[in-house]
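Below: the structure, in structure tokens.
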Amino acid sequence: MFCRCFSFFGLCLFLPTQRVLALAAAKALPRTQTQEETPDPSGGHTSLRSSLGHGSSLQDRGTSLPGFENLTTGYNKYLRPNFGGEPVQIAMSLDIASISSISESDMPGWGGLNKDVFCPLSHTWGAPAVPQLCPAVPCPQDYTATISLRQRWTDPRLVFHGNRSFTLDARLLELLWVPDTYIVGSKSSFLHDVTVGNRLLRLFSNGTVLYASRITTTVACNMDLSKYPMDTQTCRLQLESWGYDESDVTFSWLGGSSSVRGLEELRLARFRLQRYRTLLASAQQDTGSYSRLILQFELRRNVLYFILETYVPSTLLVMLSWVSFWITLDSVPARTCIGVTTVLSMTTLMIGSRSSLSKTNCFIKAIDVYLGICFSFIFGALVEYAVAHYSSSQKCAAKVPQEGPANELTEEMEEVNITNILNNSITSYKQKISFTSIDISSDNVNCSDLTMKSHEKIKCVLRNKMHRIIGYFTIQNPGNVDHYSKLLFPLFFMVINVFYWTYYLYF
């Protein structure tokens with residue numbers, strides 16, 4: 001009996017205390033409504049009923065929102081506004097916080113360019129705020145951006161009296177209809193949730209809903225690297241509805257180009273922003289035509305880093321290879337050391353310049369062309385010394401065996417008397433008179449002799465032409481090779497540089 005009386009006395013004290021706490025909480029949150037979820041017998045879904053007007057806590061204080069108590073009666077979050085009628089107009093604006101991690105490497109990522117592999121940004125509240133993993137497919141180059149996406153639309157079912165707006169808890173989004181916006185070409189995306197989910201929900205009296213969220217996304221960007229590192233890349237940030245086509249939802253920029261803010265203040269490490277513009281397009285898919293918003297911006301690469309890192313060292317290596325032209329041909333170790341060292345250094349520089357890009361990248365880039373030119377000049381300087389040294393060796397070798405026969409010939413000529421000279425002269429003169437068309441020479445034979453057969457004439461003609469060609473390419477003075485190389489190598493290198501920089505900078 002004593003226990004029952006004690007329990008009844010405690011219950012009497014507990015109930016008034018709970019009522020006082022509930023009233024205090026209602027007064028502390030005048031702009032946030034307490035809700036209760038009740039099943040709707042007609043639609044079979046959960047509806048949101050406001051407790052405003054059901055008690056005397058706010059109405060008795062003279063609220064300026066009459067009729068707000070029945071705002072969400074019969075609201076179906078699974079049906080868009082104006083269901084079956086005109087499409088919903090979604091106006092958007094963007095704040096670009098940062099653009100980073102612009103990558104030129106071909107990496108497999110999340111998502112792709114097909115509609116069946118993208119993941120929408122919206123997700124059910126209560127689940128972790130992480131992107132849904134999409135099938136991994138090979139994607140082109142990409143960039144990472146942090147943006148604040150703001151979406152506005154009008155829902156006639158949420159109209160209330162007055163001229164005020166209410167900022168609501170973002171968790172109420174799961175009870176309202178929200179457009180299924182997603183980022184086209186996104187490999188991965190996530191919503192920021194520090195310290196709480198970075199989302200905003202604001203309701204206006206005319207039924208306009210403002211939904212803002214802070215997103216970091218990695219988006220594919222097709223890059224043409226044929227002029228790398230003097231290239232200008234055009235990237236896009238595209239927004240589109242995942243499931244609603246143009247007959248249900250249409251997108252538009254809230255204020256044209258002014259709908260995008262923050263790009264002018266961006267400072268990128270390797271790029272600088274040239275220009276940007278906003279576009280409105282229609283994407284044709286197998287499932288219909290979808291409204292699409294496009295932010296297109298151009299990024300020009302900062303070439304100064306590459307000039308100091310690659311172009312200047314390679315040019316200096318080419319100039320170093322020309323030093324060998326001022327070293328004599330007899331200094332074989334010195335000239336060989338310079339040639340081999342510059343070739344190996346240039347090879348190392350070429351390998352290092354390509355290590356920053358993916359090995360699967362098949363572009364022939366502008367920097368590859370320049371390094372190839374420099375390597376050709378360095379290798380040509382090494383070959384030039386090989387040719388000059390070989391010609392000098394052959395000339396020296398040809399002089400040695402000629403000394404013996406020359407002395408013998410001198411002694412024999414001293415023994416020849418005047419009679420033999422006259423006889424030989426007369427005989428030679430008669431031969432020239434009788435056969436004026438025949439010129440006997442050890443190097444060049446006249447092939448117009450009438451007594452020669454046809455195949456012998458052909459052989460004679462070919463032999464004479466070969467002697468002329470060999471004589472044309474024979475280096476008479478190997479020292480002239482270095483002399484001409486001192487002028488031709490720098491001249492050709494300067495001319496090629498003029499054409500190279502003119503083409504890649506202005507065309």
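Quick reminder: no glycine exception, Cβ is built from N, Cα and C everywhere.
Pulled from TrEMBL, these are the features on record:
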SIGNAL    1-22  signal peptide
REGION    30-64  region 'Disordered'
COMPBIAS  42-58  compositional bias 'Low complexity'
DOMAIN    141-302  domain 'Neurotransmitter-gated ion-channel ligand-binding'
TRANSMEM  303-325  transmembrane segment
DOMAIN    310-416  domain 'Neurotransmitter-gated ion-channel transmembrane'
TRANSMEM  337-357  transmembrane segment
TRANSMEM  369-387  transmembrane segment
TRANSMEM  487-506  transmembrane segment
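Non-local neighbours of the transmembrane segment (303-325) in the same chain are 229-230, 270, 334-335, 338-339, 342, 345-346, 349, 353, 367, 370-371, 374, 377-378, 381-382, 384-385, 482, 485-486, 489-490, 493; each lies 6+ residues outside the stretch with a CB under 8 Å from one of its CB atoms.
Within its own chain, the transmembrane segment (369-387) is flanked in space by residues 310-311, 314-315, 317-318, 321-322, 324-325, 329, 335-336, 339-340, 342-343, 346-347, 349-350, 353, 475, 481-482, 485, 489, 492-493, 496, 500, which lie at least six positions past its ends and keep a Cβ under 8 Å from the stretch. Averaged over the domain 'Neurotransmitter-gated ion-channel ligand-binding' (141-302), the predicted model reaches a pLDDT of 92.
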